[in-house]
């Protein structure tokens, strides 16, 4: 009988710290090949359709950027939370609230046009997301309530709230009873970056800027140091005079604001109106992005592009091979699983041993001691 | 009278999956492991139960498949967190994400198909008794399993030596390890038990509650089960009470929607989730009491030294 044994490394392995996402990716590919084979599809052909064809033309790269933008924006914010050991898993709800509050401008004031509209919408989106994230933060800081469960419950509430709005008070009266708001006017639409070659909009730029800013915050500023200290050891943080409650609010509202910005960018950029569903699970996929990117804002940019590719690949195999596009979710879940498993290699060496091995190993040590 | 009985029966049906999933997670958490993958294991149980029942025509085989799938799926979590000492919160989340995706993929061809339903108990003479007959002797088999399970877990945790050992591991894995207890082995068994329970709870949804396959049909019940464990301060009989309160909320909002109460149906649908938040706030307000009840090594990875 074989057994796994973990041996603590004297210090964290820089090698595996850098390699682990790549090992995880390779393992995901292997598991994916098995999955495709089980579905009766030639894995090589499937991978070509899944990973290569969606990025073989310029307009498709634009689509990649559209999908990657919300993932990066949300993932960057979540990385701050997770570094501080604060578990915001309700980004999906904050994304939706950002979309709703930001959309209030063009929906309630459709005559309001001009260059002010868009900045106002984006600001409202960030405020909406931050305010919604402040609820679990308040409950945690004030009542010590588990933020994992509260932030997640609020996702369901947000989805139902959006559903009510677009079927009820915000429904387009001329929309043939379809559950959607009016089409936003032109000044409420996020402009495309290079309309000549594809649809990608300013959302991707926001994502890159947010990644750089948060990277500076975390590596160059006192606040970032505070986040890391409180995350690694709340006790040490208290001695240093860092307030854990303030940190809960800071981390939640920062990530909420970024998720809200992602929400309103998606609504005003890619969709152009509010619908009952405005996210294919970006808020949850961004959790994977954050971990795959090593909770490092620059790594998250790369991870966001990878996850965006899994979405596009899912759509591609659905149309080309007739496989459910849920396969994207499976790939995403496996990726997170493998990256977490590989992260063990950073702190531990893994030994496969038989049950009799410990005594055999102990013997030479005894001799050395003599 | 008949209406009251009917309402009580539907409340029991709504409460049963919550109770089973929460009881399983309670044992897991008592051993010091936090498995946030309940929703994922539950949905795997639901799709596996429906699929096996639909393909074989036997809901009983469906029931077994649901339990087996939940247990196998939880084994994934156990290997990661126990053998590889990964972060339990993140691993549990990934289990849920993977389960939601995998079940959606597996269930593509089941959508809209009529499923097999587990028959209700029917004992000649007893079930036909007025009022108490159907409540006591006329429910679905999983209802009886859920009650027996609660009693068994209560007895196991507080009346047996193994249960005491399990609780001691949850309170201090280091001390337990020093005493020669095989921490990791106990935790493996606890996690797999929790997975089997979550799978059974999912099977209840797709074999009794609504005998069909709908994507994401667990609708957050796995998360509510997690909240129930906190609400119950890790005590089985309080989980039972909590599950029935939530079952009542769930059924209450459905009835309110059916009666056409002039409140948006979406607001009513969000009541179970809002109630969960309120209940969590109420229970966690008292910091000292919460700390006293929480298994002390909950969620912390353990690597045995040698």
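Note: Cβ is positioned from N, Cα and C throughout, glycine not excepted.
Here the structure is a predicted model, which means the values were calculated and not measured.
The transmembrane segment annotation in TrEMBL covers A:21-44, A:64-82, A:94-112, A:118-139, A:148-166, A:200-218, A:247-265, A:277-293, A:300-321, A:327-346.
Contact count against the transmembrane segment (A:148-166) (Cβ pairs under 8 Å) is highest for A:118-139, out of A:21-44, A:118-139, A:247-265, A:300-321, A:327-346. The list of residues near the transmembrane segment (A:118-139) in space but at least 6 beyond its ends in sequence, with Cβ under 8 angstroms from a Cβ of it, reads 88, 90, 93-95, 97-106, 145, 147, 150-151, 154, 158, 187-188, 190, 248-249, 251-261, 263-265, 268. Here the transmembrane segment (A:277-293) has Cβ contacts under 8 Å with residues 21, 24, 70-72, 74-76, 78-79, 82, 89-96, 99, 155, 159, 162, 259, 262-263, 266-267, 271, 299-304, 306-307, 311, 329, 332-333, 335-336, 339-340 of the same chain, all six or more residues outside its ends. Scored by C-beta pairs under 8 angstroms, the transmembrane segment (A:247-265) has its highest count with A:94-112, from the stretches A:94-112, A:200-218, A:300-321. Same-chain residues lying 6+ beyond the ends of the transmembrane segment (A:200-218) with a Cβ under 8 Å from its Cβ atoms: 61-63, 65-66, 68-70, 72-73, 76-77, 79-80, 83, 190-194, 224, 227-228, 258, 261-262, 265-266, 269-270, 296-298, 300-301, 304. Long-range Cβ contacts of the transmembrane segment (A:300-321) within its own chain (Cβ-Cβ under 8 Å, at least 6 residues beyond either end) map to 21, 25, 41, 46, 49-51, 53-55, 60, 63-65, 67-69, 71-72, 75-76, 79, 207-208, 211, 280, 285-286, 288-290, 292-293, 327-329, 331-332, 335.
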